[in-house]
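> To start, I am sharing the structure in question, which I have written as structure tokens.
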Amino acid sequence: MASLLKNARLIDPQVGLDEVCDLLIDEGRIAAVGAGLAAEGAEVRDLAGKIVVPGLVDIHVHLREPGQEHKEDIASGTRAAVRGGFTDVCCMPNTAPTIDNAITLDYVRNRAAQVGACRVHVAGACSKGLGGEALSDMGEMAAHGAVAFTDDGRGVQNAGMMRRVMEYSEPFGKVIMSHCQDEGLVDKGQVNEGPVSTRLGLQAWPAAGEEIQVMRDMELSRLTGAPIHIQHLTTARGLDMVRRGKAEGTKVTCEVTPHHLMLADACIDETYDTNLKVNPPLRGEDDRRALIEGVADGTVDCIVTDHAPHAHHEKDCEFELAPFGMIGLETALGAVVSTLVEPGVIGWARLVELMSVRPRQIIGIDRVALEPGCRADLTVIDPEAVWTVTADGFASKSSNSGFIGRTLKGRATDVYVAGRAVLHEGQLTGPYAQGAC
Ligand SMILES: NC(=O)N[C@@H](CC(=O)O)C(=O)O
Ligand SMILES: [Zn+2]
Ligand SMILES: [Zn+2]
């Protein structure tokens with residue numbers, strides 16, 4: 001059945017749209033956009049006060065399937081994504097077994113087509129078992145639908161190996177995503193190296209442990225011609241390197257997470273809250289502010305959650321023993337609206353670029369715009385919704401969020417995938433997007 005969304009503020013910088021009008025969905029596509037639309041037989045929804053944007057896309061999530069389904073699985077992770085307002089996610093290959101071959105990749109894509117609540121794109125590994133030594137089956141994975149390659153969870157340690165990854169993958173036209181971490185420098189670092197690591201008496205994870213690989217991978221991109229996407233960038237200097245690289249024409253893009261934009265290492269003081277143990281670590285206040293500037297000035301290409309679920313018993317231990325990572329799918333939009341849009345750091349159009357337009361471009365999936373003919377993958381946002389994050393309120397199997405107890409403004413109320421409401425007035429509906437991608 002056709003759906004007519006009336007009186008919403010439609011925002012899409014791709015087509016220069018920011019106005020209150022109507023949008024008609026028919027047969028999975030946008031049929032019309034304009035004022036005073038009518039459609040016989042259509043379900044009519046009054047969305048006065050709401051914002052409608054091209055569906056949000058998170059290109060860095062960990063769905064944990066196969067192998068770690070006690071933390072998350074494709075069904076629960078994509079439900080969390082939809083609750084957070086996302087129509088698409090791109091999942092990382094650090095599963096068990098690693099997604100480093102076409103068979104495991106097929107498994108994830110087929111499973112997502114059966115139980116996924118939204119579209120699922122898959123990043124394959126660069127190296128076998130994330131070992132950093134032997135190339136993965138990149139060609140076969142590209143042929144079977146991988147959208148990117150990354151050893152996320154680990155940095156590729158050997159520069160020669162990273163060069164081979166870039167050279168080998170280049171003909172497949174897939175972006176290499178880089179988790180920048182020099183293991184020699186970082187060693188068993190737990191928190192950012194600085195006053196906080198000293199105060200807490202925890203082993204330090206220095207900024208240089210990240211920046212050295214940011215610089216190295218941009219140089220290797222220049223050498224090979226392969227595009228490089230810097231994952232979860234956290235430092236002011238790293239951001240400057242990307243800024244300069246872009247000015248020089250390097251094929252570099254970068255992402256930041258809501259937690260690195262909103263939280264700093266000082267938050268860990270006294271609490272030793274293991275939910276704040278993430279990789280890369282929460283940095284100092286100066287780095288945090290620099291990242292916000294990078295988001296505002298266009299250096300940062302996109303915002304991703306790095307949704308990294310871990311079970312309660314795994315995080316409920318000494319800081320040093322806890323795994324790195326926090327969940328983020330269900331809090332990302334509220335965190336971005338509260339930290340960036342509400343204070344006027346960015347406007348809504350820039351949010352759409354950061355969370356919808358650029359992510360699609362980086363992983364090379366179809367453009368979605370608010371114009372007739374486009375696929376109706378849409379997110380409806382209540383910009384005035386004020387809500388408090390609670391440990392028992394997640395659709396995710398895990399609740400290791402660093403935002404628990406915080407009050408956020410802005411929340412997705414409805415999500416359409418191919419014209420189907422997979423989230424309706426805040427409720428997950430199912431049936432899910434079959435055969436997604
Ligand atoms: N970010 C994290 O702290 N953890 C991620 C790995 C990663 O993204 O590097 C995980 O898989 O748990
Ligand atoms: Zn990572
Ligand atoms: Zn990650």
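Residue 1 is the first one shown; counting continues down the chain.
Just so you know, glycine gets a Cβ as well, placed from its N, Cα and C.
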> For the Zn(2+) 2 site, TrEMBL lists Asp152, His232; sort out which one of His121, His179, His307 goes with them.
His179
> Given that TrEMBL annotates His62, Leu63, Arg64, Asn94, His310, Phe324, Gly325 as binding substrate, state which candidate in Asn101, Asn110, Asn279 belongs to that site as well.
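Record source TrEMBL; matching candidate: Asn279.
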> Pick from Asp306, Asp316, Asp366: which one does TrEMBL list with His60, His62, Asp152 for the same Zn(2+) 1 site?
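Given His60, His62, Asp152 bind Zn(2+) 1 in TrEMBL, the matching entry from Asp306, Asp316, Asp366 is Asp306.
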> Would you find the one among the binding-site residues His60, His62 whose Cβ has the most company, meaning other Cβ atoms within 10 Å?
His60
> Please work out the mean pLDDT for the residues of the domain 'Dihydroorotase catalytic' (49-235).
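Averaging the confidence scores along the domain 'Dihydroorotase catalytic' (49-235) gives 98.
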> Near Asn94 (substrate binding site), meaning Cα within 10 Å, which of Asp152, His179, Asp306 (binding-site residues)?
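Within 10 Å Cα-Cα: Asp152.
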> Nearest by CA distance to His62 (Zn(2+) 1 binding site): which of the binding-site residues is it, out of His232, His310, Phe324?
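Among His232, His310, Phe324, His310.
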